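According to Swiss-Prot:
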type     : residues                                                        : note
ACT_SITE : CYS67                                                           : active site, nucleophile
ACT_SITE : CYS70                                                           : active site, nucleophile
BINDING  : ARG405, TRP412, HIS416, GLU457, HIS461, 484-491, LYS506, TRP509 : FAD binding site
DISULFID : CYS67-CYS70                                                     : disulfide bond
DISULFID : CYS98-CYS107                                                    : disulfide bond
DISULFID : CYS397-CYS409                                                   : disulfide bond
DISULFID : CYS455-CYS458                                                   : disulfide bond
DISULFID : CYS515-CYS518                                                   : disulfide bond
DOMAIN   : 30-155                                                          : domain 'Thioredoxin'
DOMAIN   : 400-509                                                         : domain 'ERV/ALR sulfhydryl oxidase'
CARBOHYD : ASN53                                                           : N-linked glycosylation site
CARBOHYD : ASN390                                                          : N-linked glycosylation site
SIGNAL   : 1-29                                                            : signal peptide
TRANSMEM : 625-645                                                         : transmembrane segment
Amino acid sequence: MAAFVGLPLRSVPMLLLLLLLVVAGTARGETLYGPEDSVTILNKESVARAVFNSSSAWLLEFYSSWCGHCINYAPTWKALARDVRDWEPAIKIGVLDCAEEDNYGACKDFGVTLYPTFRFFKAFTKEFTQGENYKAVGDREIQTVRQVIIDFLQTSPAESKPQAWPSLEPISSSEISSLLTPKQSHYTAIIFESEESYEGREVILDLIQYSNIVVRRALPSDKPILEKLGIGSVPSCYLIQPNGLHGLINDVKSIRSQLSLHLKALSNVRKLLPSETAHSGLSKGVQQEDTTMNQFDRSKLYMTDLESGLHYILRAELANHHTLEGEKLKTFKDFVTILYKLFPGRPHVMKLLETLQEWLVSMPLDTIPYDAILDLVNNKMRISGIFLTNHTQWVGCRGSKSNLRGYPCSLWKLFHSLTVQAAVKPDALANTAFEAEPRAVLQTMRRYIREFFGCRECAKHFEAMAKETVDSVKTPDQAILWLWRKHNVVNNRLSGAPSEDPKFPKVQWPTSDLCSACHSQTGGVHSWNEDEVLAFLKRYYGNQEISLEFADPRKDLSEAATDNGNKEPHFTKKPQERDYVKKQNPQFLDKLVQKKPEKSLDSEAAESSQSVSFLGIGFSNIDMSLCVILYVTSSLFLMIMFFFFRFRSKRWKVRYNRPFV
């Protein structure tokens, strides 16, 4: 307060307001890319305006800021963007973070299910398209990606090539001869190289934004012209000056790295215009450390971490799949069954899982649109007592920056909890396909990660790890310890990696402050007391130890009364509406329910329990409709049978009472 001494009293509120703004600014979410990088940072609103009907092609990286492989690859992608920033009139490099909740719908509409995903978009694209997948035979290193970019540009149709684009095709010997005779107003550099070489085309694109110079490439197929110009080997560069002088450039050893700089340094060669700012109004701001992180007890498991992870799974990761079929559908059904039977959730979440599981069992379909599942998850049928938080709120899984920890941490905690619940509730999976199967949770986790987990490299690592030893698990307790061991293996592998949170280092867990009895020393060598570890894991992930702190049920009830978690927009596919706007999801389940006029949120929330819960037993509108249909059908059937037998009985009476003559 001493800082305010001597200030006019009316100035203090203004200073406090400025202080709040500064604090709010430091708490902004991080992404892997910032305005200092040479990439265009896109979001749900800007991606359509940038990509479609653009005069340049685009190469986009769809990534997730929590994905370890994306974090590791970010420096390479930044270096690529810097390396080809002069190519912007031909192609631009962009990124879109699919971990941002506002971008869920965008990534779904572009069909992104794995991270990172790379897509090419042609110039002058008018209709909505999901782009062309990056196809690299080898790696994703800078040189490889540059060559794939050139192949994409060179094979683009004529209507996707602006007149300003340079020609990447080789010129003929006659064209070379015509360039040697008259004086020209600009420099002409001819790069002789083999047909499979990319260096000449890279230099052409490097000089695309520079005036007073034209760069072409030629093949060494015409021996006489090579002898005439004194070219003895390739690659070589022949420079024709505006004054008519021409000759080989001999002081350049490497075509791409040095020749581009040499040509840019020629007299009167100037850059036409500075590159457009790639991120004006698009970037999220410079990454800063989140100093407002809640203080939490590391010895506790928080329900909000589990429910936030479940929200992300059902509304983001799985929602990226437009339909579920085959092995994906089977995996999803088994995953929901495991959740319904073992998830240590609160009643309203468990009722949602129960409803979802029963609905899936009752659907004898080989293909299910995920929008139908979303309608149920978002409780479009307004079944009372069903809701799931519609946002992520990390507590024990919160990192020092918003792109660290989060969902992967929550997924580990979720499956640790499920393995413990399977052990302490041995009859929970009775009368299911997993009855008496000690590896039920592990195999379901393995299949889920293989089919749905967004980080493809992480999924490959886990699959390789599970393939080796998971079959050795014979009891539920062994399943608990197997997952604990493998989690520590992953922690050891990722220790010191770019994806590691410096405030939460990857260590062998549980640490001695959480469970001193779990650790022992034999001859100065550390070892685990696995009996104590097992007991600790059962306590830590048991129902009694899950903290409901930060999980306010009243807050969740207010969410259920509004939109039940349905807040993700969808992409409008019409060319004239290429922005992300608020639209209702396809109401697959609502087609069976009579539409009601819109009401205020207060009246809607007040009526929801009355209109849905019939006689207190939780019948939905669909249930009531089916009951009415069954009642009417049964009544009609009974009436038909009544008249049928009555008619027959009359015929019998007439026959028996007929007088004999």
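Each position is counted from 1, following the chain as shown.
Glycine is no exception: its Cβ is also placed from the backbone N, Cα and C atoms.
Within the domain 'Thioredoxin' (30-155), the DSSP-based counts of helix, strand and coil residues read 48 helix, 25 strand, 53 coil. Using a 10 Å Cβ-Cβ cutoff, TRP509 (FAD binding site) registers 13 neighbours. Following the DSSP three-state reduction, the secondary structure of CYS515 (disulfide bond) is coil. Using a 10 angstroms CA-CA radius around ARG405 (FAD binding site), the recorded positions that qualify from CYS67, CYS98, CYS397, CYS455 are CYS67, CYS397. Averaged across the domain 'Thioredoxin' (30-155), the predicted model reaches a pLDDT of 90. Its own atom aside, the Cβ of CYS67 (active site, nucleophile) has 26 Cβ atoms within 10 angstroms in the protein chains shown. Listed recorded positions near TRP509 (FAD binding site): CYS515 (candidates ASN390, CYS397, CYS458, CYS515; Cα-Cα distance within 10 Å). A count of other CB atoms within 10 A of each Cβ picks out CYS70 as the most crowded of the recorded positions CYS70, CYS98, CYS397, VAL489, CYS518. When secondary structure is read from DSSP and collapsed to three states, HIS487 (FAD binding site) falls in the helix class.
Counting residues per DSSP class in helix, strand and coil order gives 66 helix, 4 strand, 40 coil for the domain 'ERV/ALR sulfhydryl oxidase' (400-509). Secondary structure at CYS397 (disulfide bond), taken from DSSP and collapsed to helix, strand or coil, is coil. Of all the binding-site residues listed here (HIS416, HIS461, ARG485), it is ARG485 whose C-beta has the fewest other C-beta atoms within 10 angstroms. Taking the disulfide-bonded residues CYS107, CYS455, CYS458, CYS515 in turn and counting surrounding C-beta atoms within 10 angstroms, the largest count is reached at CYS107. CYS107 (disulfide bond) and HIS461 (FAD binding site) are 24 Å apart (CA-CA, integer value).
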